[in-house]
Each structure stands twice: as C-alpha cells, then as structure tokens.
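Asker: This is the structure I want to talk about, given as structure tokens.
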C-alpha cells in the first residue's frame with residue numbers, strides 16, 4: 001500500500017517537484033499526503049499543491065534555505081495517508097543532488113563578419129560561478145552537430161560559412177564544486193541565423209533573370225514604337241503628294257481629249 005518510485009527535483013533552487021506511484025495494494029481512492037522537514041524548520045510542512053496524471057501523483061512546494069546555510073541540510077520527506085491501512089514512506093535526500101537549473105532564456109544571436117556571437121540570460125537564483133553552459137549548434141547544410149562548454153552566459157563561433165544558416169540551443173548545468181546534481185536544464189528554444197543557399201536556385205536565377213530582362217526590353221521597345229506612331233504620326237513626303245496631284249491632272253486632261 002505504500003507509495004513507490006518516489007523521485008524529487010529541486011527546480012532552479014526555488015521549488016521542489018516530487019512524484020510517486022500508488023502502491024500495488026492501495027485502493028483507488030487513497031489520498032496520499034506529503035510532509036517535509038529539514039534542520040532550521042520549527043515544524044514539518046505539508047505540501048498542498050497536488051495533481052495526478054496517468055496514475056502518477058505530483059506534488060509541488062516552494063523550497064528555499066537560509067543563505068547562511070552551508071552546506072545545505074538534509075531534507076526529509078514523509079508520504080502517508082490518514083488511513084492506518086496505508087503504510088507510510090520516509091526518505092532523506094541531499095538537496096544538492098536534486099538541483100535542476102531553469103532553461104536559459106532570451107537567447108540572442110548576432111553576426112559580425114565571419115563570427116557568430118551567442119548570448120543568453122543568467123539565472124538570478126544561483127550563486128555566481130555555480131553554473132556552466134553547453135551550447136549546441138550545427139550548420140543547416142550539414143548533419144554534424146558540435147557542442148562547446150562555457151563558463152559565462154555568452155560565447156562566439158569564429159570562421160563560419162557566410163552562406164549557411166546556423167542553428168543554436170543552450171542548456172545549463174550545475175558545477176560539481178557547488179552541487180552534486182547530474183541534472184541539466186531543458187534545452188532552450190532553437191535560434192537560427194544566416195540564410196541557407198541553394199546552388200540550383202542560384203543557377204535558375206542566373207538563367208531566368210537575364211531572360212526576363214531581355215523579353216521585357218523587347219516588349220517595352222515594341223510598345224514605345226507603337227505609342228510614338230500614335231502620338232507623332234509620320235509626315236508625308238511632299239514630293240509624293242506633288243506626284244499624285246500632277247498624275248491625277250494628266251489623267252483628267254487625257255480623258256477630256258478623248259471625249
């Protein structure tokens with residue numbers, strides 16, 4: 001009847017999330033309750049923020065220690081039910097082994113010449129120099145992914161291909177000298193910079209653009225020629241007019257003589 005598979009994670013040194021499954025012999029209406037306590041608390045505290053999803057209990061409670069506390073005290077967790085039929089479960093945890101940093105936010109990319117600069121926001125809940133970061137990136141034209149580790153909240157990637165698109169994401173990890181946790185934050189949202197080039201697209205542009213310009217020029221010339229004829233009709237040649245006039249008179253005189 002006791003709760004099983006208890007696991008807790010201390011998110012960003014702000015709140016604890018504990019999960020567990022009901023015991024195999026526990027009834028479906030069992031209402032487990034989580035209590036916690038550590039040195040420095042006068043009385044144990046009860047977690048009130050419960051939820052259940054796909055048969056797994058989840059409880060979230062704020063957790064912070066006095067800043068003067070070093071090392072962190074052991075946290076003790078008790079899960080039980082008011083019914084005597086449910087067996088209680090007790091656990092003691094070193095909170096530094098449960099630390100999970102928050103996901104890095106506001107990742108920004110900038111490019112100067114052939115170098116890409118990456119920067120992101122730092123967590124304000126961790127002591128200084130207690131986190132390091134992993135930056136994963138890859139060229140959009142290639143399948144290979146590269147990862148670098150940095151101590152600060154910024155880095156730069158030199159000698160990048162100016163005609164390629166690069167995709168970046170960042171995550172945070174606790175430093176071993178500060179915390180014993182192996183947990184890392186979730187990856188940040190992917191950000192990209194640069195444009196992926198397409199050789200076939202360029203080839204098509206090289207062919208189509210000159211051809212389009214040539215056709216447009218011919219059409220424009222024909223149109224302008226017709227427009228010129230309408231606006232400025234050709235002036236008749238005076239010699240042709242005189243020839244027609246005298247030719248008609250000669251024909252009239254010859255007809256008159258015959259009559």
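Yeah, the Cβs are placed from backbone N, Cα and C, and that goes for glycine too.
Automatic prediction, not curation, is the source of TrEMBL annotations.
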Asker: Which stretch does TrEMBL mark as transmembrane segment, out of 175-199, 200-224?
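Answerer: TrEMBL lists transmembrane segment for residues 200-224.
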Asker: Can you give me the average pLDDT across the domain 'Fibronectin type-III' (100-200), rounded to a whole number?
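Answerer: Value for the domain 'Fibronectin type-III' (100-200), mean pLDDT as a whole number: 88.
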